[in-house]
Amino acid sequence: MYKLVLMRHGESQWNLENRFTGWTDVDLTETGREQARKAGELLKREGYAFDLAYTSVLKRAIRTLWIALDAMDAMYTPVGINWRLNERHYGQLQGLNKAETAAKYGDEQVLIWRRAYAIAPEPLDLEDPRHPRFDGRYAKIPADQLPATECLKDTVARVLPFWNESIAPAIRAGRRVLVAAHGNSLRALIKHLDNVSDDDIVGVNIPTGQPLVYELDEDLKPIRHYYLGDAAEIEAAMAAVAAQGKAKKD
C-alpha cells in the first residue's frame, strides 16, 4: 500500500478578502501561516515523513510547504516546483470579490464559474498585464499552453501530465510524497484518483491547510482517504469554502 498526502495552501490574503485569486501571486495571511505550521506539527505527530514534495510556482503554496516542512524538522526534503500544479486560472474574474460578483450576477452564475466542470469565465485579453505571458516565471512555457482562463476540465488537462510523468512514478518507486497545491489543482487530482463524475466534482470543497491522506493500492487506486485533524473543524472549514461564492445577506 502507498500513501499520498495532499494539502491545500493555508489561507491567503485574497481568501481572507473573498476574492477570485487564480494565478495572482498573493501571499499567506498570518492565519494561513499558522494553518501551515499546525499542519506540519500534525503530520509529524502522526508519524508522517516524506521523501519528496511537490508544489506550484505560486508563493502561497510554496510558503505553506516550507512552513509545514519546517514544523516537521524536515526542510531538507527535496521539493519539485511546477506550474502545472497552479490554481485554476479565473480569467477576468481574478481580483473580484466573490460575494459582490454573486450579488451582481447571482449565486447560481458564480457557482457555475467556480465549480462547473466545463464552463470557464471570460478570458484575459492577450495584452492584459495580468496575462501569464508577461510573467517571467512562465518564460519557458510554450505560449499556447499558457491559459487566459480555465474551467476545471482545462485544469485537469494541465495537472494530469504532471501526475502521470512525475508524481505517480515517484509513488510507484516507493517514495513518500506530499503535494502542497491549490483548491482546484487538488480537485483535479481528486477527480482523477476517485473517478469523480463531472457533476459530482461541483460539490467537492477542500479546506485550507488540512492534510488529506490517500491510501493507494499497487495500481494507485484509492483504498480510502481521510483528513487528519479534528472532524468538526474540517467540516466547518469545508462549509466555509462552499459559502464563499454566495451573495451576502442583509
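Using the three backbone atoms N, Cα and C, a Cβ is placed for every residue, glycine included.
So that you can see what the record holds, here are the features copied from Swiss-Prot:
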BINDING   8-15, 21-22, ARG60, 87-90, LYS98, 114-115, 183-184  substrate binding site
ACT_SITE  HIS9  active site, tele-phosphohistidine intermediate
ACT_SITE  GLU87  active site, proton donor/acceptor
SITE      HIS182  site 'Transition state stabilizer'
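For HIS182 (site 'Transition state stabilizer'), the nearest of the recorded positions by C-alpha distance turns out to be HIS9; the candidates were HIS9, TRP14, LYS98. For the binding-site residues GLU11, TRP14, GLY22, LYS98, GLY183, a Cα-Cα cutoff of 10 angstroms around GLU87 (active site, proton donor/acceptor) retains GLY22, GLY183.
Straight-line distance linking the Cα atoms of GLY22 (substrate binding site) and HIS9 (active site, tele-phosphohistidine intermediate), rounded to a whole number, equals 13 Å. In this structure, of the binding-site residues GLY22, GLY183, the smallest number of CB atoms within 10 A of the CB marks GLY183. The number of other CB atoms found within 10 A of the CB of GLU11 (substrate binding site), across every protein chain shown, is 23. DSSP assigns GLY22 (substrate binding site) to coil, not to a helix or a strand.
Taking the recorded positions ARG8, HIS9, ARG88, LYS98, HIS182 in turn, the residue surrounded by the fewest other Cβ atoms inside 10 Å of its Cβ turns out to be LYS98. When Cβ neighbours within 10 Å are tallied across all protein chains shown, the highest count among the recorded positions TRP14, GLU87 belongs to GLU87.
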